[in-house]
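Please find one structure pasted underneath; my questions will follow.
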Amino acid sequence: MEGTNQTGMIHFHFRPFSKLPEVQMLIFVAFLVMYLVSIGGNGSISLIIWSNHSLHTPMYFFLASLAALEICYSSTIAPLTLASVLSAERALISLPGCGAQMFFFIFLGSADCILLAVMAYDRFVAICHPLRYTLMMSWRLCVQLALGSLALGFILATQLTVLIFRLPFCRSQEISLFYCDVLPVMRLACADTWVHEATLLVVSLTVLTIPFLLIALSYVFIMAAILKIRSAEGRRKAFSTCSSHLTVVLLQYGCGSLIYLCPSSRYSPERGQVVSVVYTFITPVLNPLIYSMRNRELTDALKRTMMRFLLS
């Protein structure tokens, strides 16, 4: 079977959202707007945090890192999807091109989920151990945690992508999604994939289940600590800094779990299409809005930056 995988001759094409050109054009415009808004919103957060020294704290360092990851994550999917939707003919992607897109999707998506767990730990230390916060969350540790998220995502993406693209693909076929995701591509292989499905489950547990359990445990201690705060203003501030992070966690982990923690035999291309739109286009738009609306320091910094820009 391995000999049937003629890598240089195999091409995939993505399933269109609709056969009607008018609907395809509407989808193109909607995706383009969401992509540009996500790039602008996440880019603004990164620049505001970088340019305001009052925001040079571990919490905002991780937030800026998350925003930068969202930009790269969106750019892995959106440009090719936009070109495919706009194309009158079927947009083809080579086997190596599909592998590259899958690698960066897994790499950046995994790092994103792990970084959210790191941010939960940062909030746990800030609220439960405020007097030791600067000692425990040193800049060296913050950089190590951020780089560790990238390193773990890189390792998992490399192993899974190499394993999947060693499968034999006997002919060019249609991917039942708008990008090269793991399950739709795996289904196109002309070989048994139970080992690959088991590996995907292990990776999903590592990226989704374990970090989510750590986040949940952190928030148990955080909520207990917040309820002990006597002042209403102190409780409000603590809740506001945590609620935005918790909202993003539920969006990210909820969508990922619907796809990757369900048995592969129950995978639905139609459900996968809808959920994938949410976490590749909608979530990167919502993240900067959620953080900016629920964070007074970030909103004030944005206003100061805009005033400096208008007055300059």
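We number each residue from 1, going along the chain as drawn.
Here the Cβ of each residue, glycine as well, is placed from N, Cα and C on the backbone.
I grabbed these lines from TrEMBL:
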- 25-48: transmembrane segment (TRANSMEM)
- 41-291: domain 'G-protein coupled receptors family 1 profile' (DOMAIN)
- 60-82: transmembrane segment (TRANSMEM)
- 102-121: transmembrane segment (TRANSMEM)
- 141-165: transmembrane segment (TRANSMEM)
- 201-226: transmembrane segment (TRANSMEM)
- 238-261: transmembrane segment (TRANSMEM)
- 273-293: transmembrane segment (TRANSMEM)
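Burial and contacts for the listed features, if you can.
Proximity of distant same-chain residues to the transmembrane segment (102-121), defined by a Cβ-Cβ separation under 8 Å and at least 6 residues beyond the stretch ends, is recorded for 59, 62-63, 65-66, 69-70, 72-73, 76-77, 145-146, 148-150, 152-154, 156-158, 160-161, 164-165, 179-182, 185, 203, 207-208, 211-212, 214-215, 218-219, 245, 248-249, 252-253, 256.
Through the fold, the transmembrane segment (141-165) approaches residues 58, 61-62, 65, 95, 99, 102-104, 106-112, 114-115, 118, 121-122, 182, 185-186, 189, 195-196, 199-200, 203, 206-207 of its own chain, all at least 6 residues removed from its boundaries and within a Cβ separation under 8 Å.
Residues of the same chain lying 6 or more positions beyond the ends of the transmembrane segment (238-261) and with a Cβ under 8 Å from any Cβ of it are 59, 109, 112-113, 116, 119-120, 123, 126-127, 181-183, 200-201, 204-205, 207-209, 211-212, 215, 219, 222, 225-226, 229, 267, 271-272, 275-276, 278-279, 283, 286-287, 290-291, 293-296.
Panel annotation: around the transmembrane segment (273-293), residues 15, 17, 31, 34-35, 37-38, 41-42, 44-45, 63, 66-67, 70-71, 73-74, 77-78, 81, 176-179, 181, 244, 247-248, 251-252, 255-256, 258-259, 299, 302 of the same chain, lying at least six beyond its termini, place a Cβ under 8 Å from a Cβ of the stretch.
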